[in-house]
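The structure appears below as C-alpha cells.
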C-alpha cells in the first residue's frame, strides 16, 4: 500500500472509533476511561491498516518471447571505437500517463513540511518566552508567576499563574487545577495528538479527537477539584477567568464553559455503564475486517523461492491457489505490474519485441560498431552492432568473458544464429549467438549455457510440484496404496508415503504412468532422493489436479 492509501485508511478507521465515543462514551463521567479510549483509538487506528492478512489469487503467466535471456539490470555505457557509421539512433522519448498519485504525494509532503516547520516555530517561541523569567521550584514543578505573555495554564512540568485580581484561595485553586494536569501527564497527550494533526492534517476527525481529548482533560481535573472544593465557588472562578485564546499549553479555562459547568454538576454515571466500553471489542474487529485488507489480488508473475527456485502459478479451471503475501511483497508486486502495464503500451517496446520475434529463429549478419561496457563493473560484456537499423548487443551470455570479447574488432561483419534473445532494461536488444561466422568464414561454436536442473519447482503458494513417471508402487494387504516412487528425471526419486484412508482414487495409478506430483514438507535422505509424507495431489493430466489429498489440498487451493 502506498502512503496516501495508508493515511486514508487510518483516517477512516479513526472515524469509526470516534463515532462510538461521540454518540455513547462522551456522555459518561468516566473521564479517566474516556482518556484511555481516545488515545487507544488513535494508536489502534495507526496499527490496523498496517496489518498484513492478504490472500492473493494466482493466475497463469504469459510469456511473450519463447527464447528469452534474463539479464541483470545494468546501466549500459556504449564505448564506440572510431568507426564511421551512419546508423540512425532513435532518441524519441515516450512519456507515460500523468501520475496523479505522485502529484498528491508531493502535495502531502509539502503541506506536512509546512506544518512541521510551524510546530517547531511554536515550540521555539514558547521556549524563548519562558527563558530568562524568574522560576520558582515546587518539588519537580516549575512555577512562573505573572508572566506578561502567558495566561493561567500548564505545559509539561511548567505551571503559569496570573494572580492579578485573585485572592489567595482562588490562586490556590488555579494552582491545584494545573498541578493535576502536570501529574497526569496531560501535556504528553496533547503533544501526541499535535503530531498526529501534522501527519493527518487533511482528516477532520483528528481535530475532533484533539478537541475531545482537551475537553476530557478539563472534565477529569474539574471532577477531582470538585471533590475537594465547593462546586459553586469553583464554577464562579471558571467564569471569572474564562478566555478565548488558543494556546499550545493547557489553559485554565479555555474549553467551553457551558459544557464544563454542566459536567461539573452532572450526576456521576452508574458504574454498571462501564460495560459499555466492551463495545470497543467489536469496533476493533470491524475495523480489522474493513482495513486489514482481506483482499484477493491476481498474481500473474512468478515469485522466487528463498532457495532460488522459480515459483510458477499453475491454476486449473476448477481451483485457484491461496497465496499469502506480506504488505511489502504486495506493494512491490503492484509497482511491478503498474510498470509492466505502462511498458506494454509503449510503442517502442512493442517494436523491439516484434523485432525479437522476427529474428529469434534465424541467421543474421551484423556489423560490429564498438564494445558494450557494463557501467557498474566497467568491463566489456560483448559487442555493439547494427542490424536492420536496430542497435543490438552481441554477448556470450557470461560475465567477464575476456576470450569472447577479444575475438572481433569494430568494423568486422559477423553472421550468427541466435541461441537466446532478450531486452536488457526493457530497451536494449541483447543476443547470445549459437554459432558465429566472421568475415573470413571462420566458424565459432558457442558453448551452451548449462541449464540448472531442479528436483522440483514451487508454485506461488509454496506447494512443490514435479513431472515424472511412477517407478514403484507398494500396497497394503487390503490392496490400498502404501507408497510410491516418482522419478522426475536427472535420477531424482520422490518417495511418497500414503495412509490407509487416503483417497481411493490412488488405486487407479499404475507403474510407468506419467504424472504431475504436488506435495509439501519434503525430507532429503540422499543426494537425489526425497521422502514425502504430506502429498497434495497427483494428476495424469497437467490441466487439472487429479487425485487430491483433502488434508492438504484445500489448505492451498480453493474453488473458483
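Glycine is treated like the rest: Cβ placed from N, Cα and C.
Cross-referencing 171-190, 191-210, 211-230, 231-250 with TrEMBL places the feature transmembrane segment at 191-210. Of the candidate ranges 275-292, 293-310, 311-328, TrEMBL annotates residues 275-292 with the feature transmembrane segment.
Range annotated as transmembrane segment by TrEMBL, chosen from 6-24, 63-81: 6-24. When TrEMBL is compared with the stretches 106-127, 128-149, the one noted as transmembrane segment is 106-127.
When the stretches 6-24, 106-127, 191-210 are ranked by Cβ pairs under 8 Å to the transmembrane segment (275-292), first place goes to 6-24.
Long-range neighbours of the transmembrane segment (6-24) within the same chain, counting only residues 6 or more positions beyond its ends whose Cβ lies under 8 Å from a Cβ of the stretch, are 34, 37-38, 41-42, 44-46, 48-50, 108, 199-200, 202-203, 205-206, 208-209, 212, 276, 279-280, 283, 286-287, 290-291. Under DSSP, residues within the domain 'Peptidase M56' (141-264) fall into helix, strand and coil as 72 helix, 14 strand, 38 coil.
The domain 'Peptidase M56' (141-264) scores a mean pLDDT of 81 in the predicted structure.
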